[in-house]
Amino acid sequence: MAGVIQTTARPAPLSLLRARWRDRSPGLAAGLLGGVVAAVLGLAACAALVTLLWISSPYPDSGPGGALHVAAALWVLAHGAELVRADTLSGTPAPVGVTPLLFLLLPVWLLHRAARDATDPGDGVGVAVGAAPKAGSGARPAWLAGTPDAGPPPVSARVAWTGVVLGYLAVAGPVVLYAQGGALRPAAWWAAVCLPLVAMAAAGAGVWTAFGRPGGPVGRALRVLPRKLRELMVEPDARLGAATRAAGAGAAVLVGGGALLLAVSLVWHSAAAGEAFLRLTEGWSGRFAVLLLCLTLVPNAAVWAAVYALGPGFVLGAGHVVAPTASAPAALLPPFPLLAAVPDAGPGTPLHWSAGAVPLVAGAVVGWFTARAACADAPNAPDAPDGPDAPGAPDGPGAGPAAGVWSWRRTAAAAVVAAVLCAVLVALLAAFAGGPLGSAALARFGPVWWQAGGATLAWIGVVAVPVAVVARAWRCRGAAARETGAEVVGADKAADGGARRGRWVRVPVPSVGRWWRRNPKAAKDAAVGAEAGADEDAVPFGLYDDDGGGAYDLLPADGPGKSSPRGGE
């Protein structure tokens, strides 16, 4: 055996180096690539749209270079950054800050998808929260442990988020610099703030979604709040998720109601809108471009109409406020189809005041969603997992509706939290939907964000709190009624089952009959209970004892007086 040389199977040096590099930085390369792809796809979509309009335009003045500069500027504008228009009649640069909300959805969706996909390293391997690998995956790399290579290691949430954000900003920086040479130039300060914020928020939402929306990061982020407020928001009874869903439903109702108001106003002013559409440009290419611009601004107009229904209204230039109570005469506006839907100048009428039904409905929806969450854990709630319609639901009196129902104070507090979240969401939408379109008279265009948020908080808070408390009481009362009905049905089933069992029962032991005869009080009580609980029509046979002390037997249920002298004869 001395001349035998022991050898071991070793992987190739190239595969060993690849495995070491992959285990050293798990998921970072995939995150960087995902961020770069998301930025390139969004930029390509804007470039394709602008190039198509430039090719179809009868007056292509600036050439392909100018079209690409405009596409880069629009891509930056889609992140909420303001642009500066240099070629004005007065020579003074004019800001352009109205962000089309439909454009904003594109980078947010691409970043969300990129971050969500970056956390998935491959089939059969999970993901891990934080910087440590997933539990059960093993802390030692596969190349060091000597085990076969089973694929890439788990991806950390921080690594995936960092990779996507850095990859996206690596493309955004050169695009901002390139757009500085066009007619529409991004403002440097706005680009430096808005682009990273949108990238970090959208990528964080994507990673959070990929990990199943855990509550741990939310709790750690709220540690700066006071203890009482933190317990109200993140404790098991707080239901921050339920308040968030209620706030989202309320904001959706507000924006949907605003879209309905916009459609009604456009139909009412259809003649003026059609005339503005025809006067703005000539030729099918120009009208197609105007139509696309109107479609991209429809979400903005819906938010404007929602803030109009809330009361503060929106601004059409400095000092010109359009509200349900009164509309100031607006300055000279361009003939744009969506601006034709603006209400006429003058005091408000009952028709304008009827727009207040939109926040009323939104507040009622928030209250209803809060009450539904408050009664979701009740055993007899219709939408509870152990409700009366669920298989294996309890029928006893201990499964009352108050077992898992929030108190009315907790319900009211949750409605207040939902109102605050809804106000924050509407304020953000109003901030993105408005902005300047120039200087002087057009320095402010659209709703004021803090006024929109304050009005939303007042409307939703005043309406949602009583609706939530009353709806909670009504749902609990319905659950109690269902519980009582279940108890009655259960008692009837038990009585019917006992009667059916008594129909076939036979007691052949003589000693039982003799003991029962020696206790006349017990026999009398049993006879009274049988007459009160059993249905003689449903039970055709009864159990009787004869006068001679015979055993029990099955006899016709005609009464003891009509029985034969001996049981069974």
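Think of each number as a place in line: the chain as shown, counted from 1.
Just so it is clear, glycine is given a Cβ too, placed from its N, Cα and C backbone atoms.
Nobody curates TrEMBL annotations by hand; they come from automatic prediction.
Among the features that TrEMBL reports, transmembrane segment is placed at 28-55 (among others).
For the transmembrane segment (92-111), same-chain residues at least 6 beyond its ends with a Cβ under 8 Å from one of its own Cβ atoms are 35, 38-39, 41-42, 45-46, 74-75, 77-80, 82-86, 164, 168, 184, 187, 190, 198-199, 202-203, 206, 295-300, 303, 429, 432-439, 442, 445-446. What TrEMBL lists as transmembrane segment is 92-111 (among others).
Within its own chain, the transmembrane segment (159-181) has Cβ neighbours under 8 Å at 25-40, 43, 69, 72-73, 75-76, 111, 114-115, 118-119, 131, 188, 191, 195-196, 199-200, 203-204, 206-207, 210, counting only residues six or more beyond its boundaries. If you look up TrEMBL, you'll see 159-181 (among others) marked as transmembrane segment.
Counting same-chain residues at least six beyond the ends of the transmembrane segment (187-211), those with a Cβ under 8 angstroms from any Cβ of the stretch are 35, 76, 79-84, 95, 97, 104, 107-108, 111-116, 118-120, 127, 129, 157, 160-161, 164-165, 168-169, 172, 176, 217. According to TrEMBL, the transmembrane segment annotation covers 187-211 (among others).
Under the heading transmembrane segment, TrEMBL lists 246-268 (among others).
Residues or ranges marked as transmembrane segment in TrEMBL: 288-310 (among others).
For 380-402 (among others), the entry in TrEMBL reads region 'Disordered'.
The compositional bias 'Low complexity' annotation in TrEMBL covers 380-393.
Residues or ranges marked as transmembrane segment by TrEMBL: 412-432 (among others). Residues 80, 99, 101, 104, 232-233, 238-240, 242-244, 246-248, 250-251, 254-255, 303, 306-307, 310, 362-363, 366-367, 369-370, 373-374, 406, 446-450, 452-454, 456-457, 460-461, 464-465, 467-469 of the same chain sit 6 or more residues outside the transmembrane segment (412-432) yet have a Cβ under 8 Å from a Cβ within it.
Feature annotation from TrEMBL assigns transmembrane segment to 452-474 (among others). Within the same chain, residues 246, 250, 254, 307, 310-312, 359-360, 362-364, 366-368, 370-372, 374-375, 405-406, 408, 411-412, 414-416, 418-420, 422-424, 426-427, 429-430 sit at least 6 positions outside the transmembrane segment (452-474) and bring their C-beta atoms closer than 8 Å to a C-beta of that stretch.
Positions annotated as region 'Disordered' by TrEMBL: 550-569 (among others).
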Folded-back contacts onto the transmembrane segment (246-268), same chain, C-beta under 8 angstroms, at least six residues removed: 298-299, 301-310, 337-338, 340-343, 355, 357-359, 361-363, 365-367, 369-370, 373, 414-415, 418-422, 425-426, 429, 456, 460, 464
